[in-house]
Amino acid sequence: MTNLRKSHPLIKIINHSFIDLPTPSNISTWWNFGSLLGVCLILQIITGLFLAMHYTADTTTAFSSVTHICRDVNYGWLIRHAHANGASMFFIFLYFHIGRGIYYGSYTFMETWNIGVILSFAVMATAFMGYVLPWGQMSFWGATVITNLLSAIPYIGPSLVEWIWGGFSVDKATLTRFFAFHFVLPFIITAMVMIHLLFLHETGSNNPSGLNSDSDKIPFHPYYTIKDILGLLFMLMTLMMLILFSPDLLGDPDNYTPANPLNTPPHIKPEWYFLFAYAILRSIPNKLGGVLALVFSILILMLFPALHMSKQRTMTFRPLSQCLLWVLVANLIILTWIGGQPVEYPFITIGQLASISYFCIILILMPTTSLMENKLLKW
């Protein structure tokens, strides 16, 4: 009699994905972030579901309903802060996951990579709409500023903005549709994650050496299940410390003021995980130019397979490219800092320089460095 996990049509799929999956024996902790992102997604869906049971998507009661969740619902404060800080953890892991893909040349798995980029867009859209739901000052003005950017699209822009708003300003209709989209998108993301994994398992995982590892594979369980559980414990510990000790550390105090269309906050800024893109948007004085730069700052990830000039897949044995990648990381940290600063000298200039260097490093310096390394190795 064959083993049930190998013969049952449904369990067989799980077995081939998480138990008997042949995995390279040398993948490092950088490969843990995929599973951590999966855990974050499940956590967000569960906490979000419980929040949706008590939340009302109406401009008059939205802010009060969030207050009610925190004050009156059993462990509502915990669920709310787990959801808000869970989003921050999600983005930390997402950026690490993308960074690992760039460092180790995982973008050569074209389908997996491109679906991953689309996934990151979907996650960003979901997070943006979620930020609007508490209907605080930053929720309202953030929604107004970001949706207004679509008016920069030639000819159809202004009509498109009013169509998204459901009126002539961000109001009840906007909040209702944002709640609907925020609720449904995570399930679409889950389906896309499955496609992401499907394509990954077609090729098998990459590894730190970048070499073919078919001759040296080990089963996923128990080796990597244990390794993933360790990562999960670290994640839960960090998340619980954040929730229980300083739940508002990453939030904006302005969002504790109910939305008021007649009073603009002095500094409108998104959540910390969007600040780098926001800094790029603000660094261009032209509205359409800024919007294009904003979109392209993420869409540029799709160009990585085309910009790969090295004869080696990973950066493991390429010190010059490694240095350049860490310069890019430092650049992104500077952009994140600038995004949270007011629009005045010297922040404007720093933001413009950091934005130019962001695109220059990816489009010019990284490919030329790769070609130079090929020459140095006489390839």
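Cβ atoms here come from the backbone N, Cα and C positions, even for glycine.
Per Swiss-Prot, the features are as follows:
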TRANSMEM  33-53  transmembrane segment
TRANSMEM  77-98  transmembrane segment
BINDING   His83, His182  heme b b562 binding site
BINDING   His97, His196  heme b b566 binding site
TRANSMEM  113-133  transmembrane segment
TRANSMEM  178-198  transmembrane segment
BINDING   His201  ubiquinone binding site
TRANSMEM  226-246  transmembrane segment
TRANSMEM  288-308  transmembrane segment
TRANSMEM  320-340  transmembrane segment
TRANSMEM  347-367  transmembrane segment
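Taking the C-alpha positions, the distance from His196 (heme b b566 binding site) to His182 (heme b b562 binding site) comes to 21 Å. Minimal Cβ crowding within 10 Å, among the binding-site residues His83, His97, His182, His196, His201, is found at His201.
With respect to His201 (ubiquinone binding site), the closest of these binding-site residues in Cα terms is His97, chosen from His83, His97, His182. Listed as Cβ neighbours of the transmembrane segment (178-198) (distance under 8 Å, sequence separation of 6 or more from its ends, same chain) are residues 17, 38, 41, 44-45, 48, 52, 55, 57, 112, 115-116, 118-119, 122-123, 125-126, 129-130, 132-133, 143.
Sequence-distant contacts of the transmembrane segment (320-340), counting only residues of its own chain at least 6 positions beyond either end whose CB sits under 8 Å from a CB of the stretch, comprise 99, 102-103, 269-270, 272, 274-280, 282, 310, 347, 350-351, 354-355, 357-358, 361-362, 365-366, 369-370, 372-373. In the three-state DSSP scheme, His201 (ubiquinone binding site) falls into the helix class. In this structure the alpha carbons, written CA, of His182 (heme b b562 binding site) and His97 (heme b b566 binding site) are 23 Å apart.
Cα to Cα, His83 (heme b b562 binding site) and His97 (heme b b566 binding site) are separated by 21 Å.
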